Structure formats: C-alpha cells, structure tokens
Amino acid sequence: KLTWLSTLLPVALCVLTLMPHSLLGKSSKEDNTGSSALLHRIKRGWVWNQFFVLEEYTGLEPLYIGKLHSDMDKGDGSIKYILTGEGAGTTFTIDDSTGDIHAIQRLDREVKAQYVLRAQARNRLTDRPLEPESEFIVKIQDINDNEPRFLDGPYQATVPEMSKIGTSVIQLTATDADDPTYGNSARVVYSILEGQPYFSVDAKTGMVRVSLADMDRETRENYTVVIQAKDMGGQLGGLAGTTTVNITLSDVNDNPPMFDQRLYQMSVPESVPVGSVVGRIWAKDRDTGVNAEMKYSIIDGDGRDTFDISTDPTNLFGIITVKKPLNFENKPSYTLKVEGANTHLDLAFHHRGPFKDVTIVHVSVEDVDEPPVFDLPAYYIELPEDTEIGTVMKTVSARDPDAANHTVRYSIERSSDPEKYFYIEITSGSLMTVRLLDREEVGWHNITVLAMEMNNPTQISSVSVAVKVLDVNDNPPSLTDYLEAYVCDNAKAGQLIQTVTAVDPDEPLGGQHFYYSLAPEAANNPNFTLRDNQDNTAWILTRRGGWSHQGQTVFYLPIIISDSEQPVQTSTSTLTIRLCSCDQGGNVMSCNAEAYSLPTSLSRGALIAILACIFVLLVMILLMLSLRSHHKKPYLCDEEENVHENIVRYDDEGGGEEDTEAFDIAAMWNPREAHPNLGKMRQDMLPEIESLSRYIPQACVMGGGGDGGVHGYVLAKLLEADMDPCAPPYDSLQTYAYEGEGSVAESLSSLQSGTSNTDHEYDYLNEWGPRFKKLAEMYGVLDTNSPPPW
C-alpha cells in the first residue's frame, strides 16, 4: 500500500486522508469465475489530498510539509521519489529516498495562494516508473500580515460652508490584501484620528460627514482630517493604515456687501471729455467669486444725469464716468447717491440680507482755462460770384466761457484758404472778400476760422465756415468742338452740312437756352445760311449748288451765339468750311485743292508711286555723295614724304629765330634743290606769302645761295608745293609768315619775357589789323570807341 503522510499541525492545520490500494494483484472473484488470465487491473498505490501550509514561516530549518510513501517501498532504497510542478526544486524539495517534502523558501499567500505539484515513484536502478505520475495541491494558509491601505490618498474634498450636520463630504475605501474568507484578517473598521469635532467617519462604510453645523468659510476655510482603517474588526492586535483628507469649505453668498466709506470725495476738471473716468468705489464683500460680484447704480442725486457708473471687468469696483460736458461756471459740484448690490443671491441665506449697500459720492468740478466757444458749431454762407472786393459776408462770434471772459481775437487758418480769397477782421470777426470770386473756377470755399484768447494764446478754438459761390451769368456761350466742317462738291442748295451746338460754363436755374444767328457781314452770303432749331442747336445749310474746286475752296462763316439770362452774354465763333470731293454716298474722298490740278487720268496710286521714286532717287544721290567724300584722300609724292611729314608734325610753339632748341635750324640753311621737272603751275591757289612778307627783302628762290636763309627756303618749298599736283591744296607752312623779326608782329616768343616783373601792355594788338582782333578780345584791349553789338 502507498500513503501520503503529513505531520505538520496534525490536529488543526493539516488533514491527511490515507486511501490504501494494491499495486498489482488478481481479484479472487475473477479466479472463481474463470475469467481470462489475460485481463489484469492495475491499482494506484497513491492517496491524493490537499496539503495546508501556513504562510510567512520564519524558522531556520526547512518547513516540513508531508511524506510520500509507496507500498512497494521495502525500505531498502530501491525506490526513488521524484517531485515536479510549480516550485519543485526551488520552493519545494523531496528526499528521493524517504519521500519527505519540505518548503525551502518563505511562502506568501498574497503572492501565490497554492501550488500544483506532480509526484512519481521510480526504480532507482532501472529508472522505470513504478506508479503513474499524479498531481496534488499545496495550499498556503493566510495569516494577518497585511494592514489596510488607502490606495488613492491623500484626498481632497470640498463641502459648502454653512452645511448641515450629516452632510456627506467624501467616501473613503481601504483595501486589505489578506484573505477575506479566512478569519477577520481582512475585516476593516474606520475611525477618525484628527478633525473632530468638525467631521466624522462612518465605521463600516468609510463615509466622511459634517459633524458641526454653520462652519463659516470666512472664519476658517481649510481643514485636515486623518482617517484610520484597522483590520481584525478593530480588535486589539489588528493592523491599521491611515490617510489624510484635506477638506475645503466652498463659498456661498452668506455675507452682504458694505462700502468702506460712507462719503467719497472726488474732483474732475471741467475740460475733460465725455466718457472720462472720475473715480471708482468699492462695496467690499467677504464672499469670493461670483458671490462677491457687484452691480452699481446711481439711485439719486443732482448729478445722476451728468455722471454714469459702471462695473469694471472684475465685477468688483464701480467706475464713475462723465456723461455730459461739465462747466464750472454753471455748476461747480454734484452729489451722487450710489447703490451696490450682489448680482448672485442664494435664497437659502436670504434671511442674512439685504445684500446691498448705499454710499454718497461728492464730485467737485475744477475750473480750467477753456478756449473760446463759437455761438454756432458751423457757419454756412451763400455769396454771388460777382460780389465786390471788401464785401462783408458774415460775422462770426466767439466768447471766453471762463468767468474772466477774456478778449477774443479772430484769424483764418491759412491752409484752409491758400489762395487768400477772404479776410477776417481781427476784433469783430467780420468775414469779407479780398479777391474776386469765380464759381466756374471754385464753387465752394471751406475755410477754418480760429478764435484765440488775448491773455492766453494757447487757448484756441476753431469753427468751419462753408461758402457757396452762387452763379451769375458772366460767361458767353461758345461753339463746342465743331469749329470745322466740309461741304461736298456735289452738294445741292438747302443741304445740311453741319449741326452746331454751344456750351456755357454758367448754370442758370432755368437751364441753358441759346440763340444762333450769322454775323451781319455774313448774313447775305451766297453760299451758306443758318437755321436756329430753338433746341440749343442750329443747322448750317447750303444756299446753292454747283461747287467747283477751281474757285474758292475754304469758307469762313462767323456765327453769333447768345444766352437767355440777364445780362445777356454774346460771343462770335468762326466755323471753317472746306470744299471736299465726295462719293455718291456723301463720304469725303479728298479735301486737297492741289490734287485737282492733276490730269484726270492720274490716279492716287500713280501719284504715290511717283513720290516713292523721287524719294528713292534722293536717297541714292545722298549715298553716292557720302561714299565719294569718304574715298577722297590727299596724295603725296614718295620722294617728298619725309619733308612733308616733318612739316605736318610740327606742333611746338615757335620762339622766333633765336629759338634754336625746338629743332635743328641748320637743316633749313641748306635746302635741297627743287626738282627740275615740276610740271605745270597749280592754279587752285596763289602763293600768299609774297604779299604777307612784303617787308622782308626777297632773294632768288631757285638760284640763290646761302644769302636767302630761311626766307628763301620757305619760298622754295612754297613754289614746289604750288607746282606739285600730288601735294595738298593748303600748306600749313604759310602760318610762319606771321611772326619773326621781319614780320609786322615781330617775335611772339616768350623766351625773353620771363625776366620782366611788370605787367604787359597789349594795346598794340589793336593796331595789327583784323587778323589779331580775336587776340585783342582775349586780352581785353578792344578799342572802346567801337559801337556796341546790340
């Protein structure tokens, strides 16, 4: 037989039931009936039950739980016991020889309440199972090792002030991790440790309630309550946990407002604009939030129409503002009776009212030096445009509103009358015109009149004066736009050629009405007549037919236009009428008189072609002339190129014969012989050097020796240039005849003038003739006796 044995707390804590079974064997009944020997029934040798073990074992030795034993165990150690399942090997161990089971770790029911294990007996040598594997349960038995806990603490709660006794505040719940089904370990009882006599707690439910009536928030607002939860039904030895509840009394409207002053004194300058703040008042209320919000009103007093009161954005203060303009001279002080009342009332506390209060506000108006005041806010004047200069059109009036009543002076703001049409008398305020008005130029004048106190120029006020210029018939009518017309050469007598209208810048009240007629000198002309249509228009009609371009082609028709207003204005406009060629439909083809002198067979296209040909021919001629001028170049002989090159490049100022540093003068004393075959003498220019050098002795040019000097050399070169067809037509060497010792001007060199410190006299330039006139002008020595150029 196999049995489970447990020796732990055999009387009260552990129950072990033993159920013996045969491991192997045959039933005697089966033998007697002769059943088949092949049928065998294997019976279990295990007895399964639950083991109960107390938690939180604190002993030093492993905790013995029970014993596993098989009927096949002869005590010789041939059977090995094996334990598997939850906690096997870590929490529970088994002696494989004896089958004793021990707990080697501390057990906690709140962590794990039971363990499921499996046991088996095997042959130690062959490791074959002797019994089938089966399960058993080890249950952990609870002890009171956990105190109650408030999981959501500390707590915040609110209850209205003045609440009645028994008013619920907050529900508290404590939890105990111990087994509620075993003993009183999880039975919790609540109690209050701190917060009496204001609050209490229900021992079973944990509901916190008000225990003191009429608690006033204004006296005390916050309370701290400590609540305890104890298990074991509150008995001695039970475990306990505590929490804190912070309770706040919420406000109710149980206090009426009250002004801190019974009389307020305020002052305000009389010049403040409407809407200005005078001051503020406050009816204090011990309540808070909406229960302290106020509404203010003026219920009485002589200033209820002059001042107004409103509540500021916080709904606590009353703001007194100006409702109407103030005037110290009219009324220097006001009295207001102001009421402040709560806006949110609680009927439960209506007996504590009334929830309003009254105070008196005295407002003093301060005297201020005010600017002058006009008798009208604005002025309107109508004035004919033919009003004479100096006419008084209006008198404005302003006065000093202060008690001193200082003298007022008037002026016109210049920016409002930039053209200075008007003037105002400085003391009387009389407005008058100083320029002629023209409605057609400016129809309205908006001027600003200023009034200033004499004693205080900073006090200035202004008023607008609107001047409407009334129309007067002072402009004559005139034709509009159509000052030119045409008549077709095929027009017949009585044919309409033009409708004329007039315009008048004047605007009479009855509207415009114009009268048309021909001027007396054109009334009997044989060509055109005028018909007045009496609707401000007139027709120009032909008097004849048979128009010809060979005669007069332009006609001037003077038309007289007059209006109907007084005084009547009249003007004369000239209508220019041209004779034009028209088609059968009356459309103008041409009004050019010269075109009709051409042959009738020459069309307009042919005329355009002829003009185009003439234009192309002119362009070609201009192009040829331009190309010819660009290709024309001077021709020089090769053998004289060097000499002419030297002459052309000479650009230094000459110093006379004594200036020998500018170039090699020796080269000029040995001129080369002239070429024997010079050809024909040039006729385009005669040598001018002979007449200019009439004061110099002439030498032989061709055969002279060294006696000729520079003069001979120059004449030789001049003769050579005149006879050479390859040389340019004008020789720059001619300019050398105007200076030097032998010339009229003598030497112009400045080489010897540096030693003189005196001013030069240039009067002699006037005696040198017209060639030195420009030089004389530059040095300012012109003859003063010559007549002026204008």
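Numbers run from 1 along the shown chain.
In case you wondered, yes, glycine gets a Cβ from its N, Cα and C as well.
Whatever TrEMBL says is automated annotation, not expert-curated.
Annotation comment: TrEMBL describes 70-150 (among others) as domain 'Cadherin'. The helix, strand and coil residue counts that DSSP assigns across the domain 'Cadherin' (70-150) are 0 helix, 35 strand, 46 coil.
TrEMBL lists 151-259 (among others) with the feature domain 'Cadherin'.
The feature domain 'Cadherin' is assigned by TrEMBL to 260-374 (among others).
Marked as domain 'Cadherin' by TrEMBL: 375-479 (among others).
The domain 'Cadherin' annotation in TrEMBL covers 479-601 (among others).
Look at TrEMBL and you will find 1-25 tagged as signal peptide.
According to TrEMBL, the feature transmembrane segment maps to 606-625.
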Looking only at the domain 'Cadherin' (260-374), mean pLDDT returns 92
Secondary structure of the domain 'Cadherin' (375-479) by DSSP, residue by residue, totals 3 helix, 48 strand, 54 coil
